[in-house]
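Q: To start, I am sharing the structure in question, which I have written as structure tokens.
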Amino acid sequence: MTTAQRDSLLWKLAGLLRESGDVVLSGCSTLSLLTPTLQQLNHVFELHLGPWGPGQTGFVALPSHPADSPVILQLQFLFDVLQKTLSLKLVHVAGPGPTGPIKIFPFKSLRHLELRGVPLHCLHGLRGIYSQLETLICSRSLQALEELLSACGGDFCSALPWLALLSANFSYNALTALDSSLRLLSALRFLNLSHNQVQDCQGFLMDLCELHHLDISYNRLHLVPRMGPSGAALGVLILRGNELRSLHGLEQLRNLRHLDLAYNLLEGHRELSPLWLLAELRKLYLEGNPLWFHPEHRAATAQYLSPRARDAATGFLLDGKVLSLTDFQTHTSLGLSPMGPPLPWPVGSTPETSGGPDLSDSLSSGGVVTQPLLHKVKSRVRVRRASISEPSDTDPEPRTLNPSPAGWFVQQHPELELMSSFRERFGRNWLQYRSHLEPSGNPLPATPTTSAPSAPPASSQGPDTAPRPSPPQEEARGPQESPQKMSEEVRAEPQEEEEEKEGKEEKEEGEMVEQGEEEAGEEEEEEQDQKEVEAELCRPLLVCPLEGPEGVRGRECFLRVTSAHLFEVELQAARTLERLELQSLEAAEIEPEAQAQRSPRPTGSDLLPGAPILSLRFSYICPDRQLRRYLVLEPDAHAAVQELLAVLTPVTNVAREQLGEARDLLLGRFQCLRCGHEFKPEEPRMGLDSEEGWRPLFQKTESPAVCPNCGSDHVVLLAVSRGTPNRERKQGEQSLAPSPSASPVCHPPGHGDHLDRAKNSPPQAPSTRDHGSWSLSPPPERCGLRSVDHRLRLFLDVEVFSDAQEEFQCCLKVPVALAGHTGEFMCLVVVSDRRLYLLKVTGEMREPPASWLQLTLAVPLQDLSGIELGLAGQSLRLEWAAGAGRCVLLPRDARHCRAFLEELLDVLQSLPPAWRNCVSATEEEVTPQHRLWPLLEKDSSLEARQFFYLRAFLVEGPSTCLVSLLLTPSTLFLLDEDAAGSPAEPSPPAASGEASEKVPPSGPGPAVRVREQQPLSSLSSVLLYRSAPEDLRLLFYDEVSRLESFWALRVVCQEQLTALLAWIREPWEELFSIGLRTVIQEALALDR
């Protein structure tokens, strides 16, 4: 920058600050500077202050200078203002050269700093102000947080805690992980990490104890961030646009009021169970998750909300809409369970009584469980509950027949302890497993007295829970959703005892008639439901699920196998955690001892060191359900697993037989479409049956539909008969003929299927009335460029693309002018993620693509050296190999040309860094060196010369030729251009006199030649056609020679015709002061 430019910069900046300096100094406005501007200011300051050192802190005054120097006075004013500025925004625009140091030493009072695109290694002076910053914004600059927080940018110092920083915004960066530098932000309240690439927060957010607002949206998180003590203050959590499948850990954020989980991967509403403990939650967003598409999404979500959220239902927002009270009531009518989600309470926390703990806790915390509802539940559960010989802690008074039960209690104490241990371990439905758990030969004795029915245990509902539906309602949902149903053998005896005991109770209470009617109705439903219970094939096994290849331990549960399903049943509440169909089971096996020893052991279990691990493979589409691994926790684990395998082996054998029959029908032979290699698919590797020995099921990655020769996945199944007659083969080829509705490729309008049939003749003019059998149609929008017929896509993958991993991106059917070729020819321009292809259209598009497409050119994308958008956006020039090769795409429609350019630039930006070049798109400008400059009129009143440019077709009888139409305020030109010529071709020589003198001689040489010209004053009228809306005729009349002439033109879209008429009409009507005559005819007459 010269001295004059530097002084001009100082004057302009000083003038701006003199006018608006008060709002800058008060902090109401932010001072925004480009980094080159700040560098020039620092250079000027250093000329008068000397070298600036990092040790200079505090307010600095300039040395005294003569007061008659205006530059020095402006400089001193600027220096004083910068030292008192409170808010600064630095914007860096990357240039071709290296970036020099960016010093912020003059800013001594900063409280708010924003960095956009600033290279942090060039930033100096942050160490002097970081301890006083209150707001920090850094975007498009960060690779790791420690670059800014620990090293203070280019200062490379060891920062102490940022004591004053309250808000930090690190969005739109390239962060892939967090680091320990976040612990320096001890006072932070607002943190924005959105639009990065973070996959796991680990524990780096646990030190932010004052954090109130956390935005970590649009990252790649798989787990909810761990907050630790910092979660106590968190009120707003935004996790939108991540990859969450589970909300485990969210229950720790008890004060959360705003939660955004939109656009994640939450599949079922049961994943929302942690929301049960978020009593302060008032806003929830689930839009875009798979569960959001459930027809009863709002009602299903309402059952997992905290009771306090139900109390505030009128103010609760779900997906931006107020949650109505009807949403809380709908789940009962729909059969949705209003039961609270399971909580991670340890086994053994259930109280000794079967009825559960004192309900006063639930009443005080939730405020929605009322005593009348409890009585209603008791009346429903009474018939269903087994006989338990102890008082219920939910009764106002113990109801016993013996007024002095002390002796009876001592007599029955051993049996009570045994039953209590069962209930403590297995929950309310402990009778379901009694036959498997009680000692042989010592069945539980029938107690002579009965206790009042009690409420369900707290472990099955959790605090603040709403009452469960009645058992008839629960069983009405079918055996798949009611695993608590007992088998007939186990439940027969308790039912008979219950009838007798209830009868005695009702005689004492005077309710025998009403209770008898209720019992009779419920017993009929019970007998009907028992017939639908699936028979158990073996005893339940106590197991611990292992998740993922690492074997992460889950919660202990029971594994039940029935005639049709395999259930994972919760220990305490006996709820079904997972239901898997046996018909989908493919393999069942025991992992070897070495693999089992490497698997983690659940803490607190007394299992043997050699506990077996059971692996089950299912044929589900969802990856999470394809493999189930269980650590067997039974005392006789090996015997129990063998018993289970004896049941599951016949099921897997049937699955293998069905798979073999299916492969026999397919004859098991494939052919690769890329290399022609024929091969048989590999047999599925199922554990011990594989040729390579045992292999863990979760490591299976083989796919039989991949060619072993070239790795391509484009394979077809060979026909059953190898001797197919030629007649059938021809019929098969004819069956590939496209349907009239097919749209194999997108191309600009008007080009149709007109081909360059003659070697030296130009392509025919566009005709929108004949598109051939491929029904080519223009893309209505940019996304249409990526749409391609499946037959053409297969042809590109097999015959054109040279790499097996090459992927199609977009294509455009367009005329192309290629350097070294005469004229232009129709091409299919295809862009992949590796190369750009030109496929010449050589024939009618009625046969397979190989018969009418010929590969002409393949250019690696990293070799592109120039992209230029032509005049009016009607052409696109591509250069490669430093200009050694070039071509011009001629869509002649600005919309399609710009759409293709945007797609091409997106593909170039997505290339790997090693392949990415620095090519950027430019736009052709008309300068004095331009080929059209001598034809334009110079207007002294305007800076730029006015003209209208259009690539069109000149209709000459039944044929057409390519021309360019150039309009100036006084003249109309028809030009012949060499589209593939160099952009720096010599322009037509300028001469005085008539324009005809400027016409260069024909033949090789200039890139443009004036074919014909007419003064605007000779234009008499314009002729349009209803049947051909892209055609027009300009009629001329020369008053001197009294001759009439016309130009019959054709454009590619009606928008161009409208713009052409609008540009002509204004100067013509200004010249004659009357309206331009426009005549519309019905049909196009080619003979005139």
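Numbers run from 1 along the shown chain.
The backbone N, Cα and C atoms fix where each Cβ goes, glycine too.
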Q: Out of S354, S440, S773, which one does Swiss-Prot list as phosphoserine?
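A: Of S354, S440, S773, Swiss-Prot lists S773 as: phosphoserine.
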Q: With Swiss-Prot open, pick whichever of S482, S599 is annotated phosphoserine.
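A: Swiss-Prot records phosphoserine at S599.
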Q: Given the candidates S392, S767, specify the residue that Swiss-Prot annotates with phosphoserine.
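A: That would be S392, per the phosphoserine annotation in Swiss-Prot.
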Q: What mean pLDDT score does the repeat 'LRR 6' (233-254) have in the model?
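A: When the pLDDT values over the repeat 'LRR 6' (233-254) are averaged, the result is 92.
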Q: The repeat 'LRR 2' (132-152): which same-chain residues, six or more beyond its ends, come within Cβ distance under 8 Å?
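A: Here the qualifying positions are 109-121, 126, 158-159, 162, 164-175, 177-182, 184-185.
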Q: By DSSP, what is the split of the repeat 'LRR 2' (132-152) into helix, strand and coil residues?
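A: Counting residues per DSSP class in the repeat 'LRR 2' (132-152), I get 5 helix, 5 strand, 11 coil.
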